[in-house]
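According to Swiss-Prot, the protein carries these features:
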- GLY18, GLY19, GLY20, HIS21, ALA22, GLY23, VAL130, SER185, GLN374: FAD binding site (BINDING)
- 277-291: NAD(+) binding site (BINDING)
Amino acid sequence: MSKKSKNSSIEFDAIVVGGGHAGIEAVYALLKKKLKVVLITLDKKKLASMPCNPAIGGPAKGIITREIDALGGVQGKFSDLAMIQIKYLNESKGPAVLAIRAQIDKEKYSKLILKDLKKQENLLIIEDLVSELLVEKNRVFGLKTAKKQVFFSKTVIITTGTYMDSKVLRGSLAIPSGPDGQQTSNLLSNNLKRLGFELQRLKTGTPPRIFTSSIDFSKVEKEVLPVYNINFSFQSKHKLKKQISCYLTYTTAKTHDIINKNLGKSSMYSGLISGVGPRYCPSIEDKIVRFSEKPRHQIFFEPETKKQDIMYINGLSTSMPEDVQLEMVKTIPGLENAKIAKFGYAIEYDALNPLELKKSLETKKVKGLFMAGQINGTSGYEEAAAQGLVAGINAGQFVLGKKPVEILRNDGYIGVLIDDLVTKGTKEPYRMLTSRAEYRLILRNDNADIRMAKYALKSGLISKKEYLKIKAKYAKIDRKILELSKEFVSPKDELAKKYNLEKRISKLKLISWPNVNFKDILPDFEFGYELTVMARLKGYIQKQNSEAQKMIRLEKLLIPGDLNYEKVANLSSEALDKFQKVRPKTIGEASRISGVNPADIQMLLFHIKVLKMQKVSKI
């Protein structure tokens, strides 16, 4: 779309505020629905930037990226095009927690997205800051910017990441700034507060970057990987031909001494930071204090681009002053002569209390206003992208007058993520872990396509033809399973000799053995891995599916939207407070709210039953 001089004369379907991983997914979801979109970002050359580690995926997170792809999102597709290394994690722990992680050329990733967005119709990209949301009668209808521009729209999605009233902290310095020296503003924060939203201060951090030419690689361990024939995207045909290595080293006793002697200079320990940091990604200062018994901690060198001129020092996140960072870095094997390209820092920012949100990621206070990404209290590119995609889908549904799309916990990690946020809230940056999912045997890396298919079709992000292709894949697997149950291996067969079989056995039984290579039985079947996983986990999957059905029944028990919780007898005071704040839509949601016990749920069910009986008696 060509840029207009008077944007206030145009009404858009949606405005997306912020061009990070959440914002980009939201934009693509809206464009797929043929809607007219404005993307407001600080710097279009830094779309979906990676201010922290240059990687996508990891335990649970890699499965989220697969789900994003299956749901019609783009993170997996662009990761495949920009990856410089890819590998499986947790292979030895079984298929339930198997995940993909890729090192990404962060510069290429942003360039690919900008290049692709420039081709899109119905999109206007503006470099500006948002100063005020336009709200009337609790409904958003547009916004104003710092450059005095006004945009009108039917819906707004805020995906500001860590940029709202953010401060970069290093030692005693606290500089108003976003990540990577970008602009920040308190205008939107103040506007949200005036609208009655509850904000909280959160904190994250990043390590120093080192010029690769200054590293002594003879003192570190090189990660040597085979070339894996794997991708994030189910549609991708791009395969990595060469793996670029990462490197492993460790902190030393000298490193720990320097940190301990200078703890008071760290922004974290000087009292300069009030925000709560991520539990599962602590700073090096935190690690030394909390795990003082450990003689050393792992440090990984990760290339930021294919050029490999800068290394991200994973494991050394810090808010120490620059002189202390330099002293500390030089005590690490391989970094004795290191030259720092960019010093580490902590960043503190405003985030929304996610209890303010519906499962659609629309706010409860303002209709048509959606929130996604780190503003909702999460950490990580994958968690952000997942929320952006869901917010984009549902903002589109809102504009088109359709029902929101809400992913259940038993169908995806995306469902677990959003359900946790809107029912439990978070007081620290939330990171997805496999342990957060009750049904992780069902929520696997290999079956994300079929789990997301119905949601993608309902969202309009995949066609009926694409949906039927996914269904046909699993029908083919089911037919092959039936065939294998009727085909047998006798003790005289070559296959029997290889696996020391003493009696006749079905091929299905044989393939379910953990020591059997499925390619020996299915050399030419394209979905052999998926079939093998289903065969080996059959009993466990059936059990978890049964448990999931019980949860689904609770999700179907609706709570009246206008229910007066103060009239529910014998509720605990904590349950009353949480119910009034969260206002769960179903008994299933209510049961997962922290502080709510089974007795509270029983009283709630009884009260709803009485209300229904009273209504019937009046008829």
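Glycine is treated like the rest: Cβ placed from N, Cα and C.
Non-local neighbourhood of ARG279 (NAD(+) binding site): GLU428, PRO429, ARG431, each in the same chain, at least six residues away, with C-beta under 8 Å from its C-beta. Other C-beta atoms found within 10 angstroms of the C-beta of VAL289 (NAD(+) binding site) number 16, with every protein chain shown included. Of all the Cβ atoms in the protein chains shown, 29 others lie within 10 Å of the Cβ of GLN374 (FAD binding site). Sequence-distant neighbours of GLU285 (NAD(+) binding site) (same chain, 6+ residues apart, CB-CB distance under 8 A): ILE259, LEU263, SER266, MET268, TYR269, THR318, SER319, MET320. Cβ neighbours within 10 Å of VAL130 (FAD binding site), excluding its own Cβ and spanning all shown chains: 24.
Closest to GLN374 (FAD binding site) in space, going by CA atoms and restricting to the binding-site residues GLY277, SER283, VAL289, is GLY277. For the pair CYS281 (NAD(+) binding site) and GLY18 (FAD binding site), the Cα-Cα distance reads 24 Å. Within 10 Å of the C-beta atom of ALA22 (FAD binding site) sit 35 other C-beta atoms, taking all shown protein chains into account. Farthest C-alpha pair in the FAD-binding residues GLY18, GLY19, GLY20, HIS21, ALA22, GLY23, VAL130, SER185, GLN374: 20 Å apart.
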